[in-house]
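**Student:** Annotated signal peptide per Swiss-Prot: 1-20, in sequence order. Annotation source Swiss-Prot lists disulfide bond at 42-82, 44-72, 65-83, citing similarity to another entry.
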């Protein structure tokens with residue numbers, strides 16, 4: 001059992017080292033642009049009540065909306081908000 005734990009710890013360290021590779025840093029504006037383009041679309045209240053015909057003008061942000069964005073859904077969620085610029 002002890003050798004199994006050692007193997008698990010070694011694998012965890014290997015994954016941690018592999019994930020800790022150097023990444024290029026982006027400015028906040030560039031990061032916001034890239035995140036907004038890769039985000040999950042959501043329907044704002046202004047898009048209408050029917051989700052099938054809505055234009056999905058919002059983007060789902062985890063946590064809360066970043067600066068320059070506003071919450072566009074009337075309901076409250078702890079996990080994510082539907083935001084648009």
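Cβ coordinates come from backbone N, Cα and C, glycine included.
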**Student:** Using a Cβ-Cβ cut-off under 8 angstroms and a sequence gap of six or more, which residues of the chain neighbour residue 42 (disulfide bond)?
**Tutor:** 56, 58, 59, 60, 73, 82
**Student:** Do you know which of the disulfide-bonded residues 44, 65, 82, 83 has the most other C-beta atoms within 10 angstroms of its C-beta?
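**Tutor:** Highest number of other Cβ atoms within 10 Å: 82.
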**Student:** Quick check for the class: what is the C-alpha distance, in angstrom and rounded, between residue 44 (disulfide bond) and residue 65 (disulfide bond)?
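**Tutor:** The Cα atom of residue 44 (disulfide bond) is 13 Å away from the Cα atom of residue 65 (disulfide bond).
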**Student:** Sorry to bug you, but what's the C-alpha spacing from residue 72 (disulfide bond) to residue 65 (disulfide bond), rounded to the closest Å?
**Tutor:** 10
**Student:** Does DSSP put residue 83 (disulfide bond) in a helix, in a strand, or in coil?
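**Tutor:** Note: residue 83 (disulfide bond) is in a strand by DSSP.
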